[in-house]
Amino acid sequence: MRPSGRKTDQMRKISFERNFSKHAEGSCLVKFGDTHVLCTASLEDRTPPWLRNTGKGWVTAEYGMLPRATGERIKREASSGKQSGRTQEIQRLIGRSLRAVVDLEALGERQISLDCDVIQADGGTRTASITGAWIALHDCLKWMESRNIIKVDRVLKDHVAAISCGIFAAQPVIDLDYLEDSAAETDANFVMTGTGGIVEIQGTAEGKPFSQEEFLTLLGLAQTGIAELVDLQKQAIAG
């Protein structure tokens, strides 16, 4: 039995609130159960130095947690003067995931920066960030299209979403919350496109190694879950 009472293949309640920020070109408050992340997309008329005069744009991401996003206050990384390795890893993952579905040449020589700020954490912050950031990116591109800067369907090639899966209490489960994640025997994150392409898989055995059969079971759970997330994204942007 999962602590939340969910079935092994049941995700938490997922919701997207678009246009959460009045200033950003695109924004979305994404909720995976009690994990809440504010994702904003900002258009910048510049590119990294290595892309200047190439005709290509760039999509990048930053990730952070508010001090009381967790049970005990965590120190702001800005006050320590450096980002943790975990923060750097997660924001690079978010950026890679979004670039996988963007035509950087069609974007042109400009940059879109995604900021993913965790308001409340209960497991799965990176997967929620990726899934919500896609909506913020989409809405930023729609903002650009409304000003005749780009065509969305030329820049945004597909959906992208992410979900965690793991082995908890000897059972493969999807969308782990904090209680499950902290006690999981195996923990994995899957990032996939709307057409089923695999962008990234991160998997770790916390205790005994997991078998190929167990991995394929987790992959199957992730494929089903991400298909559901993509459907929810489609519903959100159609509203």
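Any Cβ shown, glycine's included, is placed from N, Cα and C.
The model shown is predicted, which means the values in this text are computed figures rather than measured ones.
As annotated by Swiss-Prot, phosphate binding site applies to Arg86, Gly124, Thr125, Arg126.
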Query raised in the report: Which entry in the list of binding-site residues, Arg86, Arg126, has its Cβ near the fewest other Cβ atoms, using 10 Å as the limit?
Result: Arg86
**Report entry** Beyond the site residues Arg86, Gly124, Thr125, Arg126: chain residues whose C-beta lies within 8 Å of the centroid, for phosphate
**Finding:** Tyr63, Ile90, Val118, Ala121, Gly123, Thr127, Ala128, Ser129
Query raised in the report: Any idea what DSSP makes of Gly124 (phosphate binding site), helix, strand or coil?
Result: coil
